[in-house]
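S.K.: Let me give you the structure first, and then I'll get to my questions.
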Amino acid sequence: MTAPAPIAMLAELTYRCPLACPYCSNPVQMAAIDSELDTETWSRVFREAADMGVLQLHLSGGEPASRRDLTELVTAAREAGLYTNLITSGIGLTEKRLMQLDEAGLDHVQLSLQGSSPEMADDIGGYRGGFARKMQVAEWIGKIGFPLTLNAVLHRRNLHQLPRAIEMAEEMGARRIEVATVQFHGWALKNRDALMPTREQAQEATQIVIAARTRLKGRLVIDYVPADYHESYPKRCMGGWGTTGLNVTPNGLVLPCHAAQTIPQLTFDRVQDKPLADIWHNGAAFNTYRGTDWMQDPCIDCDRKTIDFGGCRCQAMAVVGDPSATDPVCIKSPHHKDLQTQADVFSGRDDAPLIYRDAPAKTSEPAE
Ligand code: SF4
Ligand code: FES
């Protein structure tokens, strides 16, 4: 089938990261540093992306500020005509570096928030002093005048801080906040028992978001990814497989979504071997779940099949062991009840330790 051009590309510049978040969605086995794409290759990929119709480039990681050539990469992306968004924890950014990025044409910054108190943020990020550094970076971002999105990743340990996170977005002058309940992909899957929100927390978060959207209409946009384990219908993951976006990993693999490497049935092309447009239109990984032909019962005859495209393929793989299955979040899935029971069991394990991204032995008690 012919796919329209993707709107956005996520460039995972590196898997290196000073933080050790237990909710990290990057793969458990990460590519080595010495296999990262170099400046020249990324610059070519940015031009190929723009030529095929991509409009927005999200520079992500790991921590993209860990790349010494970040400013050069932003310059290359702007020269290619892409709108550039830096997705960062803030750690590794100085005022001088931010000013250089501004001169290079960086359009937007998305700052992650691990918690809205220093204790919580430093505990979840596994990085002492990280919150204070982030607040300093937020001040520089405001001073330089970058449009800002705050990205709050929420789970059982920090969901009670959601109202404060929204206040912080207002105080920082952010235009948007993403309230993203943790998704269990990659490393995060190891922490389902430590991070799974309770049903009550999930419901309360939805109410808080609804009220804040009304109160802040016209001032702050709130994007919301609910705790889908407790929902009745799945999210339209990635806007539909192979419809709107693609990801390029630090070593050049082109993925339909950031967790696609968890699906063993898929093979991925590399930007070193083929043009990006060829991979997008003809790559096996993109065509496997594009459209609706791959669907099984009950999706195949469902009137929502072009609304949610059967939900998340990676979640079907992780929970059911079959990436072509209906997302078990869906009430019509034969696995829905099991999933909800599992979610209730996980969310009751209050003594579960956090398993940090880089140090399996590092554990911690919940912070207040
Ligand atoms: Fe969506 Fe499939 Fe559930 Fe229908 S059966 S609502 S298409 S996930
Ligand atoms: Fe891969 Fe949802 S994260 S399809």
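The chain as shown is numbered from 1 upward.
The backbone N, Cα and C atoms fix where each Cβ goes, glycine too.
Quick paste from TrEMBL:
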DOMAIN    3-219  domain 'Radical SAM core'
BINDING   CYS17, CYS21, CYS24  [4Fe-4S] cluster binding site
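Are these features on the surface or tucked inside, and what touches them?
M.R.: Under a cutoff of 8 A between CB atoms, and with a sequence separation of 6+ in the same chain, the neighbours of CYS17 ([4Fe-4S] cluster binding site) are CYS24, GLY61, GLY62, GLU63, SER66, SER89, ARG357. In the three-state DSSP reading, CYS17 ([4Fe-4S] cluster binding site) counts as coil.
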S.K.: Looking only at Cβ atoms, how many others are within 10 Å of the one on CYS21 ([4Fe-4S] cluster binding site)?
M.R.: 24
S.K.: Quick one: which residues besides CYS17, CYS21, CYS24 have a Cβ within 8 Å of the [4Fe-4S] cluster site's Cβ centroid, in sequence order?
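M.R.: Other same-chain residues near the [4Fe-4S] cluster site: LEU19, ALA20, TYR23, ASN26, GLY62, GLY125, TRP187, ARG357.
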S.K.: Let me know the DSSP-derived helix, strand or coil state of CYS24 ([4Fe-4S] cluster binding site), please.
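M.R.: Note: CYS24 ([4Fe-4S] cluster binding site) is coil by DSSP, not helix or strand.
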